[in-house]
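> Feature list, courtesy of TrEMBL:
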- Thr72, Arg115, His116, Ser148, Ala149, Ser252: phosphate binding site (BINDING)
- Met251, Asp275, Tyr276, Asp277: substrate binding site (BINDING)
- 65-310: domain 'Nucleoside phosphorylase' (DOMAIN)
- Ser233: site 'Important for substrate specificity' (SITE)
- Val288: site 'Important for substrate specificity' (SITE)
Amino acid sequence: MSAAATQILRRQPTWASTASPIDISARRIQQHQLRYSTFRARVRPLYVRKVFKMSLPNTYPRPVTVAIIGGTGISHLEHFTPTASLTVPTPWGNPSSPIIILETDAGAPVAFIARHGVHHQYTPTEVPSRANIAALRSIGVRTIIAFSAVGSLREEIPPRDFVVPSQIIDRTKGNRPSTFFEGGVVAHVGFSDPFDAKIGKIVKRCEGALSGGAKIHEDKTLIDKRIEGPQFSTRAESKLYRAWGGDIINMSAVPESKLAREAEIHYAMICMATDYDCFRDDAPPVNVTEVMGHMKANALNAQHLVGHLLEELVKEEHDDLHTGVALKESAKYAICTSPAGMSKEVKERLRFLFPDYFPADDS
Ligand SMILES: CSC[C@H]1O[C@H](OP(=O)(O)O)[C@H](O)[C@@H]1O
Ligand SMILES: Nc1ncnc2[nH]cnc12
């Protein structure tokens, strides 16, 4: 593990474990909204104060090869034992949350980061994705399974179904950092298939872990509308995205997935449908209350799914996902800049990600 991964952090939050599936009628959503605001106002601050008094070891003795990135509604992992809490400063700043290391019953470690921060304080625009991915890489991670709340653009993907997308249409505005290779180094990494197909198949095999009849859809196209609002889409945009072949929409896959590829990390996203966005003229448009209502049920299903997934991933046949062998050196050979033309600072930055390609004595 990187020497950087060694500072004080806190115990994994468990405040959301009170989540339970709720009825989706408008009245129940209103009731839920009230309960949720009470929960946010009273229960969560108490929990957070308690959390900050606890401490976990700030080091972990082994490399951790698998990570989960939790999105909206998933700020912690249940069913596992938190064993360490790492602060990992990177050349690209600090990750959005402590990296919590948890162990399965069999002792297999998994790293967890809360994408929007422990208090959901980072907008999609502000998530420090470079720091998140670099920090995970530096502790040994070679496989990331990222969760995301998404809008559905298809009738056949109802709220509470899950999707493992295979493609992205990037509609982000390009005004946030989305590469490690800039400022004195140029690289062009292949991104034709943004998500790892093998992990997608494993996720699909775990469909039985979902309750409430939820399905897992495969081979879908994700529109990433990482807008600078962060407002939801207009009805015209929603219809346009459908016409383009988009099946689901979120704001979180880019640049996270691009950076994972640059860092030679297998990456898959498990998208959890929370709404029909706003393409249906006869229905009210998406709103946060609707999203959070469905997320309560989705979060429970996600926790079960993670348990099954991790059990599956430790099997010997998936060793490649732990060693990262299929992507090994893909970044190295994508770099166009000759080492002679790189400054000491550039090499130092890249060394954090790729110590093998940029050894310390080669300044
Ligand atoms: C609260 S709805 C909009 C929000 O939800 C998704 O976040 P995440 O992927 O972290 O679950 C979506 O991408 C938007 O950022
Ligand atoms: N309709 C939607 N658009 C963008 N991001 C979302 N996350 C959840 N629902 C969404």
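Quick reminder: no glycine exception, Cβ is built from N, Cα and C everywhere.
Automated prediction, rather than curation, is the source of TrEMBL annotations.
How buried are these features, and what lies next to them?
Same-chain residues at least 6 positions away in sequence with a Cβ under 8 Å from that of His116 (phosphate binding site) are, in sequence order, Gly71, Thr72, Ser96, Tyr122, Thr123, Pro124, Val127.
Annotation note: Met251 (substrate binding site) sits in a coil segment as assigned by DSSP.
Same-chain residues at least 6 positions away in sequence with a Cβ under 8 Å from that of Ser233 (site 'Important for substrate specificity') are, in sequence order, Gly151, Lys225, Tyr241, Ile249, Asp277, Cys278. DSSP assigns Ser233 (site 'Important for substrate specificity') to coil in the three-state reduction, outside any helix or strand.
Following the DSSP three-state reduction, the secondary structure of Val288 (site 'Important for substrate specificity') is helix.
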> State the count of C-beta atoms found within 10 angstroms of the C-beta of Val288 (site 'Important for substrate specificity'), not counting that atom itself.
14
> Restricting to the recorded positions Met251, Asp275, Tyr276, Val288, which ones have a CA within 10 Å of the CA of Ala149 (phosphate binding site)?
Met251, Asp275
> Of Thr72, Arg115, Ser148, Ser252, Tyr276, Val288, the recorded positions listed, which put a C-beta under 6 Å from ligand 2? Please answer none if none do.
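None, by Cβ distance under 6 Å.
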> Other residues near the phosphate site, CB within 8 A of the CB centroid of Thr72, Arg115, His116, Ser148, Ala149, Ser252?
Gly70, Gly71, Gly73, Ile74, Pro124, Phe147, Asn250, Met251
> Those binding-site residues, Ala149, Ser252, Asp277: which ones have a Cβ sitting under 6 Å from ligand 1?
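The binding-site residues passing the 6 Å Cβ test are Ala149, Ser252.
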